[in-house]
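Per TrEMBL, the features are:
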{"type": "TRANSMEM", "residues": "7-27", "note": "transmembrane segment"}
{"type": "TRANSMEM", "residues": "39-58", "note": "transmembrane segment"}
{"type": "DOMAIN", "residues": "57-181", "note": "domain 'ResB-like'"}
{"type": "TRANSMEM", "residues": "65-83", "note": "transmembrane segment"}
{"type": "TRANSMEM", "residues": "192-212", "note": "transmembrane segment"}
{"type": "TRANSMEM", "residues": "232-248", "note": "transmembrane segment"}
{"type": "TRANSMEM", "residues": "475-497", "note": "transmembrane segment"}
{"type": "DOMAIN", "residues": "546-755", "note": "domain 'Cytochrome c assembly protein'"}
{"type": "TRANSMEM", "residues": "552-569", "note": "transmembrane segment"}
{"type": "TRANSMEM", "residues": "576-596", "note": "transmembrane segment"}
{"type": "TRANSMEM", "residues": "616-639", "note": "transmembrane segment"}
{"type": "TRANSMEM", "residues": "667-689", "note": "transmembrane segment"}
{"type": "TRANSMEM", "residues": "701-717", "note": "transmembrane segment"}
{"type": "TRANSMEM", "residues": "729-751", "note": "transmembrane segment"}
Amino acid sequence: MIKKTAFIFYVVLIVVMAAATIIEHFYSTPFASQYIYGAWWFSLLWALLVAVGVVYIAKSHLRKWNLLLLHLSMIVILVGAFLTHTTGFKGMIHLRGDQPTNLYTEMISMTETRTHQLPFSVRLDHFDIQYHDGTQAASDYTTHFVITDGETITRATVSMNKVFYYHGTRFYQASYDTDNHGSYLSVNSDPYGLPVTYTGYGLLFFSLLWLLVDPQGTFRKLLRSPVLRKSLATLLLIVASSSAVHATKERFSAPVIDQPVAEKFGDLYINYNERICPLQTFALDFLKKIYGKRSYKGDDATQVLMSWIFFDDAWNSEPIVHVNSAEMRETFGLPEYTNVKAFFQDGEYVLGQYVYDYQQGQQDALHKACADMDSKLQIIMSLQKGTPLALFPHTFRGGQTQWFSPFEVYPKQLPKNDFLLIKSYFPALYQAVSGREDGNAIQLIEQLRSYQQRNAGASLPTDMQFRAEKCYNSVPFATVLFIFNLTFGLISMLLVLRRLTTSKTQLLGLRPSILHGLLIMLLAVSFLALSFALALRWIISDNIPLSNGYESMLSMAWFVMLITLVTALAMRSLRLLVITFGFLLSGFFLLVSHIGQMDPAIGHIMPVLNSPLLSVHVSIIMMSYALLALTFICGLTALTLSALQHMRGCQQTAQEQSAALMILSRIFLYPAITTLGLGIFIGAIWANISWGNYWSWDPKETWALITFMVYAVLLHLQSVPALRAPQRFHLYTTIAFLTIVMTYFGVNYVLGGMHSYA
């Protein structure tokens, strides 16, 4: 009875949290905070779960100290959260000018705030925004202020990820006034809850890691399982389809700049996406945005961009604009690839009314497609005005560098020589390229590059960063690697099928050891290539490549391949199976990064995200997701294979294979849950350091916790005998993977929140 009661409370909490994220999406964050997460009954549910769980553990006579410690850590964390809720305070203080204040505002509910007094006063000294050199991208926000406590005066500074402590009160940089003369600081005091919570985190980290290293633990016993020593292979059924749209090969009607000139043009620096980078990067993003590919009819992106700059009227007639939406093509009578002029009829913009309706809230598929097309056309229009071509730097007195485009309004401080250069440069370059004077054009481009190097101050990337970006731009890593991995994943899957249906020990005339070694070598080549791509992105941005959805997909694929290589080398009897999993799963992650709606542009990371602790948090979470994805593949494989074997009347074989896959899945499961727990609560520590709040019930936090709780059930097979049967276990892991899908894609593209990449 106690066990069933505990299970009911456990499931109810999961359902309530999942429902709360959906309610928050429709009714707002303050509504969910007030009526669900902050409600008395929600805290009571957690308290009842703890109480019933303690009784159940006591009655079950659990004697393993590490498991007791693991469950105790959860209780300590919840006690810490309760103390934070009941004894701590947090609010917002607004500093403006030189007016001292000791008041902070606390949000009580959706419509109610309350003002409290601090035992000291705070006065703003000054507020600064630091920018990345030569751009308007903020690198940090800093508030300098003075605390007056009786006769004691203390000067203090806070910035992103830099907290100031004063007598138990913590100050965090939160926001600022638009005129830069005021600053908002978050104030937080949690003298009792925070130490208890951090103690719980420490106990949790230790006990989770001990699960993996305990010589007598379940994980180590699974590694020694005799089932894994049997020769087993299995088949993962997938349906793969691919299509390719081939560009027509007709000759150009629009003139094209010669490749040597365009290549030099691509070596210029440009202020793009608030980052100084090779102009080639902008050209690639421009062409991918409007055409969907990296080249057009055999000419590279820089040739297309430069040709469009100088021969825009001809290029406006070129069928280069990709119309993705079939509904839009049908509505306007457009082909899949059309030209810019097709959207302007009798002097009117045919998308104008649709874009207006979209902005007014009519966001069906057709109107969204029209808005997306409008953004493509706006990019083209801005290029024809020269707006994005910020190629001309000038460093003013004081060291501030600004990059100018050819037709903007320039400050009076700009020297006359610079002004004349900017105004005359593109007409001179046009004269050279239109007359096919490639030598003169290259000379003009080299002169501009020298000018950039002399006048850009400290804003230019290093030579290593520049070369790294050129190298990265030259190879579509995600595209090449997803084709490579899925191709060899399919081949290895066919080898598994061959091994299932024949008694021969050799496949393709090769001994298994040679074949396995060849596949491992191919996977290692793919792993090294992806490692090289991620290293290039790291060098280019000077940040660990985990800052957006595109990079996280690449990192997921990297972790899958790393885990696969380690596992394949450690488990000889399951080598072919593991390699198949690794190729397919990493290939699908790379495919998502290739075809998904994730922007691969490299930019400066937000100041609050520029923390080593955050990088550790995201890396560990990605590793966990990769491991849990492997349990999903194990489950799906087992269910599919069982159905096939039953159709053939081989029930005994199906049972053996399902049991072996269950052991393999559990081997992945233990480090997956360990890394997921570590990742979640390391993220909580980072959030406390950066935001002053270690848990805010953001949708992604909540779904990560739901995922942790759903998969943690599989660690309690002694208490949940229904899941000891391999088929039920595999069905559970297959369904449980939906929580990963929701955590990653559902939150990003449906629910939103602070963690959303979309």
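Including glycine, each Cβ sits where the backbone N, Cα and C put it.
Keep in mind that TrEMBL annotations are predicted by a computer and have not been checked by a curator.
Within the chain carrying the transmembrane segment (729-751), a Cβ under 8 angstroms from the stretch's Cβ atoms is held by residues 21-22, 24-25, 549, 625, 628-629, 631-632, 634-636, 638-639, 658, 661-662, 665, 669, 699-700, 703-704, 706-707, 710-711, 713-714, 717, 723, 757-758, all 6 or more beyond its ends. Remote same-chain partners of the transmembrane segment (7-27), defined as residues 6 or more beyond its termini with a Cβ less than 8 Å from a stretch Cβ, comprise 36-37, 42, 45-46, 48-49, 52, 697, 699, 702-703, 705-706, 709-710, 720, 747, 750-752. Outside the transmembrane segment (552-569) by six or more residues, the chain places 477-478, 481, 485, 516, 520, 523-524, 526-527, 530-531, 533-534, 545-546, 575, 578-579, 581-583, 585-587, 589-590, 592-593, 596, 598, 618-619, 622-623, 625-627, 629-630, 668, 757 with a CB less than 8 A from a CB of the stretch.
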